[in-house]
Amino acid sequence: ATDRYTFRPGLRWQPEVEEYFASAYGRDHFARISQALAHPSCYSCIRVNTLKSTTHTVMQKLLKLVNQNGLSCGFNGLKIGEQNGGEQAHEGSYLVHKCPYSGLENVLFIRGSGPHALHYNDQPGHSMKEIIVSRKCAESVLRGAQVYVPGVLACSAHVEKGDKVAVSVAIEQPVKDSGWAVGITRGIVLQGLQSDAHYEERKGLYIGQGIAAMSRAGIFRVLHGVAVEMTERVYKLPSFNDVLEGEIFLQNLPSIVAARVLDPRPGEQILDMCAAPGGKTTAIAILMRDKGEIVALDRSHNKVHLAV
Ligand SMILES: C[S@@+](CC[C@H](N)C(=O)[O-])C[C@H]1O[C@@H](n2cnc3c(N)ncnc32)[C@H](O)[C@@H]1O
C-alpha cells in the first residue's frame, strides 16, 4: 500500500527524440531534465499591478492576510525569504521573496514545499476509495486548487459526500497507431481491485487525498462545482484565488518576461493576436501606464468573454 500511494511520475519520449537530446545534453543531464519536467513547480509567481499598488505593499498585505487569517490549502504561515530564494519553505508555511532580476521588480515568488510523503490509512486488504483526475486538473490541484467536477474521470463505487478519497492522475499512454490517450472513459467505476483495468497505472501517480464534496452519482450528474476538497497534496502551494483581486496576477515568469522584452511604451499601439485569457495584454497595458491602445484578439469566443 505504501508503494502504491506515492508520486513518482516520469516522462516517456519517442526513442529518436530521446536519443537526440541524450547525445546533445549527455545522458545524465538529460535524465535530470526529464525528471524535472515531470514534476510540478515548487513556486508560484505573482505579478503586481503597479498601477494600483507596489510590490512592497502587496508583500505586506500577503503577510498580513496569511498570518492573521490563513488562506486555503493548509496555507498557515508566510514569511519573507532570502532574495535568492534558495531557502526551503518549512512544512505548512511559505516564503515570499522579490524576483532578483533587474526590470522585474514587480514580480514576487511564493515558494511552497514538496514532495511530501502522504499517509493513507490503508489497511491491508482494504483499499481506500479513489478518484482519478485528468492531468490538467492535477496540475491545478498541485498549484493549490480543489478538484472540480469536470476534472474527474473515474471514481470508486459508493463514494458518498464526506468520504475520504485518494486522488491520482491519469497519464496519457501510447495507443497503438493513434498517438497518446488516457484510455479512461469518463464515469467508469473503480472497484479498488487489482483486477481493475487502471489499477496498476495509478501506482506512483497519487497527488493527494481529500474529502468528497458530493457523491459519486452527483459528480457525474452535475456540470460544475467542487468534487473533492483536498486535505493533503504531494506539493503544497498556496491558492491565490480571489486574493487581492486586481492588485495581483498569477502569471508564469516566461510570460512576464515576454511582455517586458516587447518593451511597450505609453502612447503606442499594440496588437496581441492570441490574447485570451489576457495575461500578457494586461502586463503590456501596465507597462504602457494605461496610455495607448491595445487590440487584443482571440479565436475563442468563450475565452474572450472570460477575459473581459
Ligand atoms: C496560450 S493561450 C495565450 C495566452 C495569452 N497570450 C496570455 O498571455 O494570457 C493561446 C491562445 O491562442 C488562441 N489562438 C490559437 N490560435 C489562434 C488563432 N489562429 N487566432 C487567434 N487566436 C488563436 C487560443 O484560443 C488561446 O486562447
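Easy rule for this one: first residue shown is 1, then count along the chain.
Placed from the backbone N, Cα and C atoms, the Cβ positions cover glycine too.
All TrEMBL annotations are machine predictions without curation.
Long-range Cβ proximity for LYS280 (S-adenosyl-L-methionine binding site), meaning a same-chain Cβ under 8 A and a gap of 6 or more residues, is found for SER255, ALA258, ALA259, ASP272. Residues annotated as S-adenosyl-L-methionine binding site in TrEMBL: CYS274, ALA275, ALA276, PRO277, GLY278, GLY279, LYS280, ASP298.
The domain 'SAM-dependent MTase RsmB/NOP-type' annotation in TrEMBL covers 178-308.
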Listed in sequence order, residues not in CYS274, ALA275, ALA276, PRO277, GLY278, GLY279, LYS280, ASP298 with Cβ within 8 Å of the centre of the S-adenosyl-L-methionine site Cβ atoms:
ASP272, THR281, ALA296, LYS303, ALA307
When the domain 'SAM-dependent MTase RsmB/NOP-type' (178-308) is classified with DSSP, how many of its residues are helical, how many are strand and how many are coil?
34 helix, 34 strand, 63 coil
Maximal Cα-Cα distance (Å) across residues annotated as binding S-adenosyl-L-methionine, namely CYS274, ALA275, ALA276, PRO277, GLY278, GLY279, LYS280, ASP298:
13
If one looks at the chain holding CYS274 (S-adenosyl-L-methionine binding site), which residues at least 6 apart in sequence have a CB under 8 angstroms from its CB?
LEU297, ASP298, ARG299
Chain-internal residues, separated by at least six, CB under 8 A from ALA275 (S-adenosyl-L-methionine binding site):
THR281, ALA296, LEU297, ASP298, VAL304, ALA307
